[in-house]
There are 2 protein chains.
Amino acid sequence: MNEPAETTEELNAEQQDAWEQLEQIVAAKDSEAARSYLKELPPGEDARVMAQLSDAEQHEFIALLNDEDAARLMESLPEIQAGQFLSTLPPEKAALIFDEMNSDEQVDLLDQLTEEQSEAIIEQMDPEEAENVRFLAQYDSQSAGGLMITELLSFEDSQTVDDVVTELRQNAEEYATYNVQYIYVINADEQLVGVLRLRDLLMAPPGRRLNKMMIANPTSVLDSTTLQDLQHFFDSHPLFGLPVVDADQKLVGVVRREDVEHAGEEQAGRTFLRFAGIMGGEELRSLPLKIRSARRLSWLSINILLNIVAASIIAMYEETLESVIALAVFLPIVSDMSGCSGNQSIAVSTRELVLGVIRPRDWFHVFRKELGLGLVNGIALGILLGGVAYLWKGNPYLGLVIGGALALNTLMAVCLGALIPLILKGFKLDPALASGPILTTLTDMCGFFLVLSFAQALLPWLT
Amino acid sequence: MNEPAETTEELNAEQQDAWEQLEQIVAAKDSEAARSYLKELPPGEDARVMAQLSDAEQHEFIALLNDEDAARLMESLPEIQAGQFLSTLPPEKAALIFDEMNSDEQVDLLDQLTEEQSEAIIEQMDPEEAENVRFLAQYDSQSAGGLMITELLSFEDSQTVDDVVTELRQNAEEYATYNVQYIYVINADEQLVGVLRLRDLLMAPPGRRLNKMMIANPTSVLDSTTLQDLQHFFDSHPLFGLPVVDADQKLVGVVRREDVEHAGEEQAGRTFLRFAGIMGGEELRSLPLKIRSARRLSWLSINILLNIVAASIIAMYEETLESVIALAVFLPIVSDMSGCSGNQSIAVSTRELVLGVIRPRDWFHVFRKELGLGLVNGIALGILLGGVAYLWKGNPYLGLVIGGALALNTLMAVCLGALIPLILKGFKLDPALASGPILTTLTDMCGFFLVLSFAQALLPWLT
């Protein structure tokens, strides 16, 4: 074990390595130091460093970098963080940084801005880059068109292996920034007719024509293909990229495995936040308090209404509650425990939906599976809590009321929790957003009702 | 809109296309039909089809496939589903299927089995494959060694471009199943000294020596590098793969971007399930009821104890509650709303930790950010619920008790929710697992205490 003093010193030294050092660089306006600082930062550390700087310091830091370095930095930050930063820059400066980015990154980041902000930036961009961005921006960002890159290598089918190799050698510098895994073969109408892997070129005799060796009629996707379909495709096909064609079979871009997986990760992050009631976009703590508070409250204010509706059941049984005040102790336990049991079912259904193991129409299969589990767990938990109630007040009827209510409510929560995500998904709603609140409102109401109505029925034996 | 009858028919036809058709194939023992059925199944559909078959039907279906097709099927299923299925096969049959898999898939699936089961299968495998698996199995599955593949291309540094191209052309068939993006250059001691991209070979003059054109001292990782470090690395470096070396700098494998991202997705899925209280491994509904029930109960039984502890605060104030029975209506609302507010903070902290925007030692920065938000949201929610309480009973003091308690408890929940994941992470515990229950136990206790102690203090004005 280190001595405490030493540990603290080490921690301080480490912190010094991070953003405090950067603050000194910014204060000294040292451009050279800023560049080498960025270069030596451990991977993943840049996001954290930027989050710690104030808005003004961030601007001063970016001013020290050239546009290309600034573009690399923006690309490596989480999209929401980069978008937030770019929205605070003057459009002329932002446009210079955008000009240095890859086409798919440009579109992703513009997607983080308001319509107005992104239009102002595009107007200031290099005209050729701007046209390409406008072309890509017409696509839904969660579709093949929105995910694809337009930097690709295509050759006509009448060319030979040697033509390709010569062209590659001559333009080695330009293509160096391309992520080339496949070469696409098109006909005179720019329609996709074949595909070649780089290694096929290496292993083939130089004089062969591309149409003699290409994989003809290659798999391709329409520009409108959804992210989920792309994920399923890459899950079951060991490819690095997939050509994207428009309705006329013309080659318009390439969607790469890494971009699909990255988009899937971003989506999973948003799903997770929505599940916990963060809506209307991601939240980072560097966002202004007004926006953060409003976004969280928009969800909490719905939730408080649902809670009041559920608790009004208790208000209807005030007299019963007054006679057996011990019930008030168990009401929150029954409602919370049923919520937990139901949430487990929601999680398993959501996960199975994502894995593709179930579809909404499999609801009866799911219901049958949960019925048995709800019975077993309901009885187990009912005996446990009923036993506690009995031992506490020495009244077996109190145990019966509490245990019976929890058992029945658990059974209901487990089945409902399993089915709600399927129903929402069947109606094309987002299961992550709505499943939790719907479930807990129902289980709260039902739990309060079961405890209090059982108590009313057995009132003579409880008092 | 379709007429209902038509929609039902369409649905039935679709279902027929899926597993019912498969049941017929299995019943008819039609090997040819089984193979073409698998081939024509839409991507992602195979997991669902297998989940719908009974264990016996699954066995009969696999018996209809050759070992290679069975291996491809296993590779495309979610790991837990494939592992569960393989564990029910006789080890001799499972070993034949394993022999046909890629090295990293072998290890991933063996990881899903018990020590005993996997040893029984390895003993029956092809001796060479078995040795390789034993070598890989020594690594933690969430480390570079556990994620890497051993199928790679390496050449000595004294060889030329032509040597490599000739070798590739001669063994084109063997390498066809390799996912070759890079060629690794080693010295006479098998130590990694350089790396080449396939396209560099294409663009270089044939006679050049590898050590004259390779990228020398390439980035590599130790076999013990963690998944998280690998994720950070690939996030900030546009590479497809990374060579893995042992402590002697010997090249032992390649870890590919896709495997790291796949492992990250699997981990995110488990995190999501743990967050909702599914522990001790993933749950699929095809698992036996006994295991599913036990896994869920293990978490629920902890939760019920925490709930009882929290509710015991209510029991201590039974007399106050008896005098102002309306309080019983608000206790579950206050505890549930504070839980929601705290969960939002947990989600944002967990997300920021994953994105690398914060680290545990940034706790003071996080606390300061949440303090303002907790005040704003606490006051807003307090006024709302306090207003409802006042209007319902016409007693301003009841409104004051309820509103004040909710405001304070929200402030506490928001700050605690933000800090708990950081603290757990700082102690190397899993924030997804423990943050929720710790938070709700604390906010329940504190919420009950605030409502009831405020009420006791203002009792003369409440009755």
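Counting starts with 1 at the first residue shown.
Keep in mind that glycine also has a Cβ here, set from the backbone N, Cα and C atoms.
Just so you know, TrEMBL annotations are computer predictions that nobody has curated.
Annotation comment: TrEMBL describes B:148-213, B:214-271 as domain 'CBS'. Residues annotated as transmembrane segment in TrEMBL: B:297-317, B:371-392, B:398-424, B:436-459.
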* Leading contact stretch, B:297-317, B:398-424, B:436-459 vs the transmembrane segment (B:371-392) - CB distance under 8 Å -> B:398-424
* So which residues does the transmembrane segment (B:297-317) touch in its own chain, when a touch means Cβ under 8 Å and the partner is 6 or more beyond its ends? -> 277-280, 331, 335, 437, 440-441, 444-445, 448-449, 452-453, 455-456
* Structure fact -> In DSSP terms, the domain 'CBS' (B:214-271) comprises 25 helix, 17 strand, 16 coil
* Asked: Counting each residue once, how many in the domain 'CBS' (B:148-213) are helix, strand and coil under DSSP?
  -> 24 helix, 18 strand, 24 coil
* Per-residue pLDDT averaged over the domain 'CBS' (B:214-271), given as an integer -> 85
